[in-house]
Amino acid sequence: MPTPNPGDADRQSARWLPVLVLAFGAFCAGTDNYLVAGVLAPMAAELEVSVAAAGLFVTGYSLAYALGAPIVITALRVGSPRRLLLTAIALSVAINLLAAAAWSPWVMAIARIAAGCVAGLYVPLAGAAAASMVGADRRGRALAIVLGGISIATVAGVPIGVWVSGLSSWRMAFVFVAVMALVAAVGVALTVPAGGGTPVVSLRQRLAPLRHTPVWLGLAVTITGLTAGLMIFTYVGPIYADAPAVGAGYVGALIMAHGLGALIGLWGGSLLVDRYGSRPVLLGSLTLFTVNLAWQPIAAHTLVTTVVFVVIWGVVGWAFLPAQQHSMIATADPEQAPMLLSLNGSAMYLGAAFGSAIGGAVIAILGAGHLWMFATGFAAISVTLSLIRHRRPARPQDRRSVDEDAVSA
């Protein structure tokens, strides 16, 4: 029997270290995104806007990520990936410091839109870089680790940011993100190899897969699912602050409970996908997500049931993401996975934009208590679209055409 070589283990560990560093950068991006949900009320009060209007800061960030990211990454995807990653992190530091100093709603809006564009540049590049540094059979795990950084942000990043803001003001929360981004920059500079230049992919090539039904149906599932989830999460403060069994004092704890469930869901979903495939995990998690949202208003009558349902919400609301990622990249050659993951990332943030915008309108017109009904409706639409997509599997010509689009022109 061959004797294990300790040097091989050392090389494997060294290979995974930059993946973890890239995941920490994604953690910073996730904290930057979800932080607003935890400081929405004090931010709105100081900037003299309504809570519903402050929710549009999330909309601006998410729209910038969803719509601006493909353009930005196409324009800048030349040269060393490490250089682009460091550029994105440096811009994130500057933008978060601008948000911390924002003296008007318009300055904050500009900062959030710019932050969305930068995150849209970093996350797809980080995922692609992580996948390129491990073996072909471990690329899915590397991508899951990078996405896990975003999930961990809901466990630790947002509550810590809320705690930091409580020591002084909500502005210190953005300073906290800027400091973390500086640490991420040092890590990327020290661990991520410089590598060679990356091929230029035109915007036309990047968007070409949208012509194929399995791809756009999959993106529609992502959009509607995230619309449902972020419609609630963006306004979790106002929703539970008014709940008689919860109150404003427990909002931070509920955010952490949701994040803990999200972490379990992301990793548990990944394991279930490896064992059972994407279809049952995707349909099962989305169905349970819909049921959970429908029952949340009833569960909110006691603190214990609220916490239980919030944890379950995090589990099933995030378990569908690895299944959806796996389902998306199954429609094309593995070499095109970064392109499809980039599109799916844009779809995620487009869903976040819709969720925050629609949620703000519902609060302004009907009140926060009606958000559950609208969120449940979008979750049900996501289940329906997923059923339609999986009832008509991708045809061989669909798969070939996606690949041909990626290399043509």
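Backbone N, Cα and C atoms are what each Cβ position is placed from, and that goes for glycine too.
Where the annotation comes from TrEMBL, it is an automatic prediction and has not been curated.
Feature annotations, courtesy of TrEMBL:
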type	residues	note
DOMAIN	18-394	domain 'Major facilitator superfamily (MFS) profile'
TRANSMEM	20-45	transmembrane segment
TRANSMEM	51-72	transmembrane segment
TRANSMEM	84-103	transmembrane segment
TRANSMEM	109-130	transmembrane segment
TRANSMEM	142-164	transmembrane segment
TRANSMEM	170-194	transmembrane segment
TRANSMEM	215-236	transmembrane segment
TRANSMEM	248-269	transmembrane segment
TRANSMEM	281-298	transmembrane segment
TRANSMEM	304-321	transmembrane segment
TRANSMEM	341-365	transmembrane segment
TRANSMEM	371-390	transmembrane segment
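Sequence-distant residue pairs (6 or more apart) of the transmembrane segment (51-72) and the transmembrane segment (248-269) include fewer than 3 whose Cβ atoms are under 8 Å, leaving the two stretches without contact. Contact between the transmembrane segment (341-365) and the transmembrane segment (281-298) is absent: fewer than three CB pairs lie under 8 Å, with pairs separated by 6 or more positions in sequence. Listed by sequence, the residues of this chain that lie at least six past the ends of the transmembrane segment (170-194) yet keep a Cβ under 8 A from its Cβ atoms are 17-18, 21-22, 24-25, 27-28, 31-32, 35, 38-39, 42-43, 46, 80-83, 85-86, 89-90, 92-93, 96-97, 99-102, 129, 133, 160-162, 164. Counting C-beta pairs under 8 angstroms (sequence separation of 6 or more), the transmembrane segment (142-164) reaches the transmembrane segment (109-130) with 3 or more such pairs.
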